[in-house]
Each structure stands twice: as structure tokens, then as C-alpha cells.
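Following: one structure in C-alpha cells, then a few remarks.
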């Protein structure tokens with residue numbers, strides 16, 4: 001039951017990865033190459049940078065900002081490559097966007113350390129005070145909150161707002177250049193420790209060399225392919241459906257995140273404002289397509305039904321959960337499922353789908369290159385861990401590069417990059433296995449499994465130390 | 001890191017050094033051809049000249065040692081107050097420091113120090129090693145070329161022309177291969193400016209270090225070529241300290257370290273039963289003969 005409680009948010013990683021890989025892979029002859037500083041250097045010679053980051057998504061851009069902020073690495077020239085046109089910015093008074101992330105405490109600390117948090121704070125975000133997770137086959141249920149709701153469980157932030165905040169930091173950094181519409185054509189890495197530069201060529205023919213190439217280019221990472229590492233990946237044959245929802249008047253202050261495991265996958269409501277929530281609904285490919293195409297009114301009905309509908313119960317498991325609760329001295333009324341506010345509308349064109357999968361690279365580093373974020377790992381959004389793991393990679397990598405540079409290591413020296421990999425694996429692997437385990441555990445209706453998972457969930461709910469352990473893990477503390 | 005600095009108590013400095021002093025005179029004689037034992041050591045290391053820069057080969061532990069010895073040397077130099085505050089915490093931290101590395105081998109440590117801005121001279125007795133070191137700088141880190149000089153030269157000869165001209169001297173993983181440690185240290189100290197630092201890393205002479213450093217790593221696990229280390233050449237930190245005391249060098253820090261072969265990782269530990277790093281400072285003028 002590891003990770004039962006990592007139920008915050010949802011979207012983050014998978015959606016972002018698809019977006020990114022599409023940007024990088026899309027082949028389109030690019031004629032208007034611009035840099036953030038308007039220098040258009042068209043020299044045919046190879047330009048050298050100390051660090052090149054391939055992929056300017058959430059994780060890649062945050063990494064650039066964190067590198068720029070680090071005093072030991074201040075003399076390193078950094079280039080950020082992004083396949084899309086220049087980021088158009090974020091309008092904090094505009095309509096809410098459908099791509100949101102549940103950001104945990106650790107990631108917020110990272111934003112604070114690179115001065116990006118005030119930017120987010122002054123725009124808009126929604127703190128989550130409580131989470132409730134329950135399922136469809138029994139009464140088992142779990143709730144997370146800090147004592148007396150003293151602090152937030154997580155914050156729901158729009159992806160574009162995070163990007164806007166870190167992008168602003170990158171633009172004001174003197175040692176970072178941004179290159180938009182830059183699609184990587186091919187990469188060459190130093191194969192042995194004697195040659196020392198990583199080289200890459202863009203689709204428009206420009207070439208660059210660097211001491212360290214960082215692959216932040218999503219689940220289909222070009223850098224990872226060149227690194228020749230083994231990749232373990234699973235396609236869940238599921239899709240995530242996102243949408244921005246309007247809530248009924250019973251929403252109150254709307255500070256609870258809800259997630260219910262249905263036979264096809266979890267459906268989650270993440271609060272955005274008092275009357276708006278973001279939806280992440282993981283389900284079969286067919287159902288996702290069908291739901292996306294439904295007229296708004298029917299979609300809203302389907303959604304309300306998903307949260308309230310009574311599914312066939314597993315009686316034995318139900319009784320076991322009741323017995324367990326009475327053992328802990330709770331009676332049935334104390335432990336009833338609360339239901340989320342009624343959804344009364346879906347915003348126009350906010351529905352989108354993305355494929356779900358599991359991916360883990362056997363190694364994150366080699367001489368001259370390192371992977372961060374979805375390029376190294378991709379998880380099911382059910383615990384909202386994807387992008388938070390990416391941000392934790394950023395912290396580890398910057399820390400490790402700074403220590404290494406201050407000890408005279410070359411940036412691309414595998415000897416020292418291994419330290420980064422070791423820290424990441426120790427943190428990421430248990431979380432990823434936990435999330436994958438949860439997905440597997442909840443994709444069956446086989447009675448013994450239902451019985452065990454319900455008991456496990458209920459036990460966790462009733463044993464505060466165990467619950468806190470999971471909660472701390474999910475919040476990255 | 002200061003926990004072991006108390007070793008440098010004045011008590012030790014006044015221990016009789018009678019056994020050591022007579023040797024000092026011998027070391028200053030003119031360069032002689034190397035004796036048989038030294039030649040054997042040099043050849044042993046030269047046989048691995050091509051392996052030196054392979055991080056996954058027999059030198060992997062030496063590569064990994066940079067993780068702790070570079071910070072030890074760097075922080076030792078910074079603690080002397082001779083680094084501009086603006087350089088601390090930047091990659092120019094050793095800018096302007098003149099450093100001698102005695103027994104530089106293929107230059108693993110030399111390049112790291114140069115990358116932090118130091119002007120480093122590496123000397124070694126193995127001609128193949130010096131060639132490998134020069135080759136590596138030329139091919140892999142040409143940007144360091146004007147900060148690194150390699151010479152095939154015994155240290156006592158080097159000391160003659162470079163008396164009191166270095167801010168720091170490093171004798172890293174060398175002492176355990178040398179018979180006449182006093183001569184080597186004496187010549188090394190002679191090249192130091194008064195107030196300069198000498199950094200030594202080596203194995204202790206204990207049963208655990210012999211078991212781990214010789215039996216386990218050479219014969220059982222094969223991490224290091226056989227015949228690299230010998231019991232009778234190992235030396236305890238206290239002995240090093242006594243020798244340095246006779247040369248007017250005050251030991252300011254002794255840190256114990258150990259190697260985890262399963263993760264190729266060095267770490268500091270609370271005792272110096274296995275390996276240790278020692279930092280001593282040459283005191284301003286005082287007669288010591």
C-alpha cells in the first residue's frame with residue numbers, strides 16, 4: 001500500500017511530456033531563429049556553452065532558473081533550447097487553464113529559492129486543505145489534512161503560471177540564453193572519458209557543443225535515446241481527460257481535493273477557486289474519447305454520476321471495513337463518505353486528453369549528459385507526483401553540479417554525476433513503484449484484492465503515524 | 001571537520017626526533033640514480049599508465065577519492081585566509097595559488113586543482129605517467145594547459161630550484177609507496193613558503209587498513225593491482241605528524257576516511273583506522289636542525 005496517500009493533484013507529468021515531445025519532434029523548417037536577447041548569430045561554426053538544456057518545459061525552464069541562481073555556477077554559460085515559439089506569457093486575469101499541477105511543499109521550497117514563488121503567489125493559486133480518497137466497490141475511505149488544517153496539503157497551480165514565473169527569472173539571468181523554435185536533429189555524446197564535449201545539431205543546421213547536455217525533453221527524449229540507457233516503459237492503455245469545471249453553490253470555500261477510484265481508473269477534482277475546479281479523469285481510451293465528445297450537459301451528468309454512483313459492492317470487503325472501523329471504535333456515521341460539490345458546468349474547449357504510461361530510465365547520467373523530469377521518469381497522474389519528481393530532480397542536479405564544480409570536476413564528469421543519479425533513484429523509485437502499485441491495485445474488481453486494498457486503506461486512515469508517513473512522502477517533506 | 005585538529009597539540013611537537021634527524025642530512029645530497037625498490041614502485045605504476053584515466057578501471061577508487069580530497073585541500077587552503085573572499089564558493093577559489101603535487105601520477109588530482117584556478121606543478125618519477133598526464137591535459141582539458149606543468153623529477157631535486165615558492169604542497173596517496181618518507185617530506189616542506197600548507201593523504205598502518213587496503217582490495221576483490229601496497233611502507237598519522245613536527249610544520253587537521261567499494265564512494269569517518277587526510281602548516285622561520 002505504499003503511497004496510498006499520495007493523492008494530490010493529477011495532471012502534471014504526462015500532459016506536460018506529451019506537449020514537450022510533440023514540440024521537439026514536430027518537424028517544421030524553422031526560419032525565424034531568435035534568441036531572447038535578439039542576437040541572431042548565424043555563424044556556421046559550432047557555438048560552445050557550458051550547459052545546454054534540451055527542452056524548455058516546466059522542468060527544463062525551472063532548471064535554467066535554478067542554475068542561474070546558484071552562485072557557484074554563476075560563471076557557467078547556459079543555453080535553453082525549446083521547440084515551441086517564444087512563451088507568450090500568462091494572463092492572471094484570464095480564464096483558468098485546463099493544465100494544472102498539484103505542487104507539493106518541496107517544489108514550493110524550490111520556487112522560493114529561485115525567487116519565483118512571489119510571482120506565483122501574487123497571481124493566483126489554490127491551497128488544498130484536505131484530500132479525500134475513496135473507492136467504488138467498498139466504503140473504504142481516507143482523508144488527509146494537517147492538524148486543525150494548520151497548513152496546506154498541496155497547492156493547485158496552473159502550469160502556464162509556473163512557466164511564466166520561472167521564465168521571468170531565466171530572462172533576467174545574465175548567463176542564460178533561450179533559443180526558441182529549436183528542434184534537436186541529432187546529438188553526439190562523448191563515448192569514452194577521453195573526448196570531452198557533447199555536441200548537438202538543430203534541424204536548421206546550427207550546431208552547438210557543451211560540457212554537459214541535460215535532457216529535459218520529455219518522455220520521448222532525444223537525449224535519452226543517444227545516451228543508450230535501458231528504458232522500462234509500460235503503456236497503461238488509459239487516457240487522462242482534463243477539463244475546467246464550474247461548481248454548484250454547495251462548493252463553499254472549495255478547498256478539498258477529491259479522488260474516487262472507479263473500475264476504469266481514478267477521477268479527481270482539484271480546486272482552482274471557490275467555484276471552479278480542475279478535473280483529471282483517468283479512464284479507458286474509448287471512454288475518454290467518448291467523454292471528450294459528449295455535449296457539455298451530458299458530460300456534466302456523466303461526471304456527477306461518476307462521483308456518486310453506487311457500483312456493485314464486494315460485501316465481504318464492506319463487512320471487513322465496518323468490522324475494522326468498529327475495532328477502532330468508530331461507528332458507521334462517523335465514517336461516511338463526504339461527497340464533492342455538484343458540478344454544474346464545463347468550460348468551453350477546456351476538455352483535452354493525454355495518454356498515460358509508466359517509464360523509467362535505468363540510468364539518468366552518462367559522460368557529458370544527464371536526464372531530468374519526464375525524460376527519466378513518467379508516472380500515472382493519480383498521486384500528482386510527476387512534475388514534483390521533476391522539480392526534485394532539479395534540486396538534486398543543481399546541488400550536485402555546484403558541489404562538483406567546486407571540487408574541480410568537469411560538469412559532464414560521470415564520476416560526479418553519479419551522485420545526482422544516486423540521490424534521484426533513492427527518492428524516485430519508491431514513489432514510482434508506489435504509484436504504479438496503486439494503479440494496479442485499483443484497476444481490478446477481483447474480490448480478494450478489493451478486500452485487501454480496502455483494509456489497507458482503512459488501516460492507514462485509522463493509524464495516524466502510518467498516515468502521516470505517507471502524507472509526508474507525498475508532500476515531499 | 002575540526003574535530004581532529006586537537007591532534008596538533010604542542011605535546012607532540014616536542015617528542016624526540018633523534019631517529020629522524022640524521023636522515024635529513026642524507027636527503028639533501030645530489031640526485032642519484034633511483035634505488036632498486038623505488039624503481040620497482042615506479043615501474044609498477046607505469047604499467048598502469050594507460051589505465052589511469054579510465055574511471056571504470058583499476059584507478060576508479062582514485063577517481064572517486066577526488067570527491068573528498070579536493071574539498072579537503074580546497075577548504076584547507078581557504079581556512080588559511082589566503083583566498084580572496086570574493087573567490088570563495090566560486091570555481092575560481094584557488095585562483096593565484098601556487099601548488100606542487102608530489103607524485104602526481106596521471107594527473108587526476110592535478111587537473112582538478114587547476115580547474116579551480118590554481119597554478120599546479122605535478123612531479124613524478126614515472127616517465128610514462130608524466131607522458132599520460134601531459135597527453136590528457138592536451139586532449140581533454142586544453143583550457144588548463146597554461147595552469148598545469150608536469151615534470152619528471154625527484155622532489156629533492158625540484159626543491160633545489162624551487163625553494164619556498166609554493167603556497168601548498170600535496171603528497172596524495174604517495175607516502176605508502178615511498179621508503180624514505182622523511183627525505184620526501186623534508187624536500188616537500190622545503191618548497192613551501194612559510195605559512196604554506198602541506199596536504200597528505202595515505203593509508204594508516206593498522207590491521208583494518210591492511211586487511212581492507214591490501215587483502216580485500218588487491219587479492220579478494222581485485223580493485224587495485226596486486227603489489228600496490230605493502231605493510232612495511234604504511235605509516236600512521238601520528239608518525240607523519242612527528243616527522244612534520246621536526247620540520248617545523250604544525251599539523252592542524254587529521255581526518256579519517258574510508259572507501260565503500262560497493263558504491264565506489266569515499267566518505268569521512270570518525271576515526272583514522274583506515275585512511276586519513278592530514279593538513280599541516282609550515283611555521284614562519286624557526287631553526288629545526
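Yeah, the Cβs are placed from backbone N, Cα and C, and that goes for glycine too.
Automated prediction, rather than curation, is the source of TrEMBL annotations.
According to TrEMBL, the residue from B:103, B:106, B:107 that belongs to the S-adenosyl-L-methionine site alongside B:69, B:124, B:172 is B:103. Fewest Cβ neighbours within 10 Å among the binding-site residues B:69, B:177: that distinction goes to B:177. Sorting the domain 'Methyltransferase type 11' (B:100-200) by DSSP state (H, G, I as helix; E, B as strand; all else coil) yields 48 helix, 30 strand, 23 coil. Cβ proximity to the Mg(2+) site centre (mean Cβ of B:173, B:176, B:177, cutoff 8 Å) flags the following additional same-chain residues: B:103, B:174, B:175, B:178, B:202, B:203, B:228, B:229, B:233. Residue B:69 (S-adenosyl-L-methionine binding site) is 10 Å away from residue B:173 (Mg(2+) binding site) when you measure Cα to Cα.
Cβ neighbour count for residue B:173 (Mg(2+) binding site) (all protein chains, 10 Å cutoff from its Cβ): 22. A Cα-Cα distance of 15 Å separates residue B:124 (S-adenosyl-L-methionine binding site) from residue B:176 (Mg(2+) binding site).
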